Amino acid sequence: MTLTNNERRVLDALAEGDGDTDAEALARTTGLGRGPVEGAVELLAEKGYVNVDETAETLYKLTDEGRGYADDGLPERRLHDYLVENDDVTTDELRDVEGFEIGIGHLRRKGWAEMGATVEPNEASRGDDEEALEALASGENVDGVPETLVDRGLVEREEERTVNVRITDEGRESAEGDDRGTVGALTHDLLASGDWKDADLAEYNVEADAETTHGGREHILRQMANRVKEVMTDMGFQEMEGPHVDAEFYINDHLFMPQDHPARTHWDKFLVEEPQRIDELPDEAVENIRNVHREGAEGGDGYHSEWDRDVARTLNLRGHTTSLSMRYLAEGVEPPARYFSVDKVYRNDTLDPTHLLEFFQIEGWVMARDLSVRDLMGTFVEFYSHFGIEDIEFKPHYNPYTEPSFEIFGEHPETGEQIEIGNSGMFRREVVEPHGIDEDVEVMAWGLALERLLMLIYGFEDIRDVHGTLCDLELLREVPVLWN
Ligand SMILES: N[C@@H](Cc1ccccc1)C(=O)O
């Protein structure tokens, strides 16, 4: 049977001695404290290795004051002696005797003197209290110490528990037997000396109760982001990366959003104070974007409005990762191509159960010849099916940069409501033409909300449960990992 280190030490101490002792003695021989010894004894008793019986004894100990009186006599005894030795003692005279203040009350209570004009002594036989004081002073343990001594603070009472421990035959066998030397816990000494290498480690008791510990773990939002990256990669997409703070040129102008149009404040944006503008924009791209805004693309008319390079240079926290798609398209990508990102975007929204000021967007686009809306929808059906979501719906929508456009909806598993999970469409010629993309090449694109996907999968009703200062730690600790 496996013993803890302490049990082993106690059992060894018992086997080496005469096998019959008490916890206090064991504490001395093992060098363990009394508490650990008693703990080990209890465990050994459960295993049948020791028999334990407990006795309690009341011990009396003299206080310093009590010891003084044991030597010099109780104050009332000293007063009495003075009265016997002197005649016609007045109270005033008695006052000068040492211990008067304390002794006078006891002298009267014990009836050792009559108080009148003078104080006259009576017979004063030696009392139990005096006997007990003397006995205690000479180291005897006295039964029935008078309570008055305790009340007077001359004697202290202590309850002493004695835990008598006797080793059993099984205990002796174990102490001498094969499971000797089993190590119940790795100690600093074992590690430092290297002895752990040869140690015979005790079996682990998997049924023992243990404290709950909470180790660090990947946040479910991060888990989900990684899972999405896997799915997108499996679907043949390459990941995009780019700046969180970017020029409006990439966030808005590339998306054919007129500079003076309310669509530009589409989301109340976060401006950057320092620096306010990007240093440079590529001249050729600026020319192309300006032209498309003013004159339109093939088959379109443009806005014929002012287009200001400085407005395009203004820096924002990106409100969507479509800015990354624009940066990648601007690099000159050849069809077919598929790109995605799962990254933070920032919007000055009002916080509510489904809106945060920052969230993760799953951005993506496919560039190929002869793409249609069916491909776009099919891509979502496939993507969401990887997460067990089979019932997505589409709703016609408007974006300045896509035509046609669709919002994507999914059913919340708890509330049954249709919640918006993404926005998508086919990029307009005004978006792709500045990049020199051929007319028979289509680019379909989208932005999906990672947090909404999470809500559909786990059934959270308030996104703030998993994100930000209001998050529910218990839930985050306990939420199951749905895949790995
Ligand atoms: N930028 C859009 C998503 C989108 C991207 C690309 C095409 C269409 C829509 C949004 O944030 O809602």
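Cβ coordinates are placed from backbone N, Cα and C, and glycine is handled just like the others.
TrEMBL has this to say about the protein:
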type: BINDING; residues: THR322, GLN361, ILE362, GLU363, TYR401, PHE427; note: L-phenylalanine binding site
type: BINDING; residues: GLU403; note: Mg(2+) binding site
type: DOMAIN; residues: 220-480; note: domain 'Aminoacyl-transfer RNA synthetases class-II family profile'
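Known features from TrEMBL, placed on the structure.
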| residue | record | contacts (Cβ under 8 Å, 6+ apart) |
| --- | --- | --- |
| THR322 | L-phenylalanine binding site | ILE251, LEU255, GLU363, TYR401, ALA445, GLY447 |
| GLN361 | L-phenylalanine binding site | HIS320, THR321, SER341, VAL342, ASP343, LYS344, VAL345, GLY447, LEU448, ALA449, LEU450 |
| ILE362 | L-phenylalanine binding site | VAL228, MET232, PHE340, SER341, VAL342, GLY422, TRP446, GLY447, LEU448, ALA449, LEU450, LEU453 |
| GLU403 | Mg(2+) binding site | GLY425, MET426, ARG428 |
| PHE427 | L-phenylalanine binding site | TRP365, TYR401, THR402, GLU442, VAL443, MET444, ALA445 |
Among THR322, GLN361, ILE362, GLU363, TYR401, PHE427, listed as contacts of L-phenylalanine, what is the widest Cα spread in Å, to the nearest whole number? 18
Counting every protein chain shown, other Cβ atoms within 10 Å of the Cβ of TYR401 (L-phenylalanine binding site) number 21
Checking proximity to ligand 1 here: which binding-site residues out of ILE362, GLU403, PHE427 have their Cβ closer than 6 Å to it? none
Three-class DSSP secondary structure - GLU403 (Mg(2+) binding site): strand
